[in-house]
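Notes to accompany the following structure.
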Amino acid sequence: MQENQQITKKEQYNLNKLQKRLRRNVGEAIADFNMIEEGDRIMVCLSGGKDSYTMLEILRNLQQSAPINFSLVAVNLDQKQPGFPEHVLPEYLETLGVEYKIVEENTYGIVKEKIPEGKTTCSLCSRLRRGILYRTATELGATKIALGHHRDDILQTLFLNMFYGGKMKGMPPKLMSDDGKHIVIRPLAYCREKDIQRFADAKAFPIIPCNLCGSQPNLQRQVIADMLRDWDKRYPGRIETMFSAMQNVVPSHLCDTNLFDFKGITHGSEVVNGGDLAFDREEIPLQPSGWQPEEDENQLDELRLNVVEVK
């Protein structure tokens, strides 16, 4: 009995560390990009997946200790997909005591009507969903719309655009919506997917499957995700280094004439970013930029199940 109690304490200790890391990551992202301001009303988009559940939980947690006042309203879009468990999210949110709104729109029917059988439906579905969420944000008086994309999503998008789109373009932590009326934020921008997965497992969130519409996964994104996971296993710290690179862009040493005036370089011009010194042999740090070994990494692997609560 004492041994079981000791194991429980150990689990609680390590999971508290995990939650603190997620809180720290979210807090840093909020501060770096000025995501949340005094008096904000944040519309938290809740899909029923691990990412959005974690985002809501961490924002609720930060709300209690933040130096500013802000409110949260959770919003789920019920798209009338066959098999969607309508009771799950209302029951969960009622238990938490969180303000929420369930928006019912038969976008599934519209997509099935417009898109021929066998063709991908994700693009049209995404546009419809985005428009409904923007409208709902206006109706609720929300000043910010929070989405649950994390660090891995951002890196995947960068590589997708490089490999398939010919652009160095990622997924910004904060942006203006395409209708020019809403600010969209991604509070999990600095969070690792594997941390989110562990947290979701520990909290036993009532996960709703994401493939109820019957659509096929984005195979290109899946290839990129598998590649990054493989790199993360074989070369610890590479993911952190790549994400750090997204925050340390040097336009003068790329090739985009819209970002840097290469034609303006003439004799007597100022040396920019070290000039050709940048091509000298650099000392590569032994430890990848942005990466720190974690004492509890192996311990957390053992704690994916059999945990009741993280306080």
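Cβ atoms are placed via backbone N, Cα and C, with glycine included.
Taken from Swiss-Prot as is:
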type	residues	note
BINDING	CYS122, CYS125, CYS213	[4Fe-4S] cluster binding site
MOTIF	47-52	motif 'PP-loop motif'
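Mapped onto DSSP helix, strand and coil, the motif 'PP-loop motif' (47-52) counts 3 helix, 0 strand, 3 coil.
Using a 10 Å Cβ-Cβ cutoff, CYS125 ([4Fe-4S] cluster binding site) registers 20 neighbours.
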